[in-house]
Amino acid sequence: MKTFPQAFLWGGATAANQVEGAYLEDGKGLTTSDVQPRGVFGDVVERVPGDSGIKDIAIDFYHRYPEDISLFAEMGFNCLRVSIAWARIFPHGDEAQPNEAGLAFYDKLFDEMAKHNITPLVTLSHYEMPWALVKNYGGWGNRKVIGFFERYARTVFERYQAKVKLWLTFNEINMSLHAPMTGVGLPADSSKAEVYQAIHHQLVASALAAKACHDIVPEGKIGNMLLGGLMYPLSCKPDDIFETLQQNRSWQFFGDVQCRGAYPGYMLRYFRDNGINLDITDADRAALKETVDFISFSYYMTGCVTADEELNKKARGNILSMVPNPHLASSEWGWQIDPLGLRTLLNVLWDRYQKPLFIVENGLGAKDKVEADGSINDDYRISYLNDHLVQVREAIEDGVELMGYTSWGPIDLVSASKAEMSKRYGFIYVDRDDDGNGTLARSRKKSFWWYKEVIATNGGSLKE
């Protein structure tokens, strides 16, 4: 029976703005996510406090976390990825002193996890930042935000140093190229130069956070977090092969800086060719040398790349502008399903960086049907996850050093891209619909029992 390494971390992943709710409770400020209630990737619509948005309550994890963590423990989780809402700690982002009520909430959350022997994996910034930093400073386009983020990072490292040993800096940092407001707090019509300058500030902030973590939590580890956007050439034409190399570099560049400590030559050429002159100081270059300890990433799909401009035009409707792969099936939301691609990506990242890897998001968004007896027979989710985990196990056999696996949305949550409840990922069903109706009651899906067995057998129960 093939199993995973003994110290392997099994669990699930969430984000504060998609589960917590309590969006203005206990002194929390508005975030970029709060002002975009019906689609984080859409236009910014500044909300008035009190206006109704589905994320205001989300799944009410802020008040129900003991129940949810108990359910995670029942499944056998030894790891849970959560994020801290920056605006709970610094409501406007630029305060001199943190909000004690916000700090106290995460103390209680981490203590509850410890009671169940669940290791926290904590993201500092998961698709949100204090809205006041966007309004008053222009988001990550302003160099001052680096200092505000470093203060926030140092504050939480010092507060939770005894409780949290695994940290991540920015969720899917490469998504800023596709959704600037979500990633760096810039309008969607920002120029490439503006977006890359904001990304540069974020990369410096990530490195400064790594330095702070190494100083304050010497036995801790801090990683980056990439959207694993593996691309295949649509054909074996040399032009398609080279275009694929370039497209893969567009996301690998973030990992290159965070793992190697400097800008790669291909990006410096890209900046030259596109007339992008970044403000990079000597202090920035020195800061970037502080690299991450491990690489974490999300994996949902692969796509194809072609140098054919007509085919590319048709692909620009989806957020990553990928050409569909004719050899793969797709989910209800059009995401192509490619388990072997996960093994390929693990090998690509391991060969490139030789640093430990961590799969911190993977899962299937689907519409679940509640039967008359209350059961939810999500065999499609079981099949999807089983097939991906089999390939993960093969990658470990290939020699990849993998720390763990946290499925995305182990409990149903509000989706990031559309602010929907109907796009469900969880092993645990939450009774709430897209309009916010429902009791918020939790119930176990068929996949709950399946994942429990996978964890109990350390992957031995997976079907080849």
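Glycine residues also receive a Cβ, built from the backbone N, Cα and C atoms like all the rest.
On a predicted model such as this, the values are computed, not experimentally measured, just so you know.
Feature list (source: Swiss-Prot):
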ACT_SITE  GLU172  active site, proton donor
ACT_SITE  GLU361  active site, nucleophile
Remark   = One should report the C-alpha separation between the residue listed as 'active site, proton donor' and GLU361 (active site, nucleophile), rounded to whole angstrom, as 10
Task = Determine, from DSSP, whether the residue listed as 'active site, proton donor' sits in helix, strand or coil.
result = coil
Note = In chain order, residues whose C-beta lies under 8 angstroms from the C-beta of GLU361 (active site, nucleophile), counting only those at least six residues away in the same chain, are ALA13, PHE297, SER298, TYR299, TYR300, THR406, SER407, TRP408
Cβ neighbour count (within 10 Å, all chains shown) around GLU172 (active site, proton donor) = 27
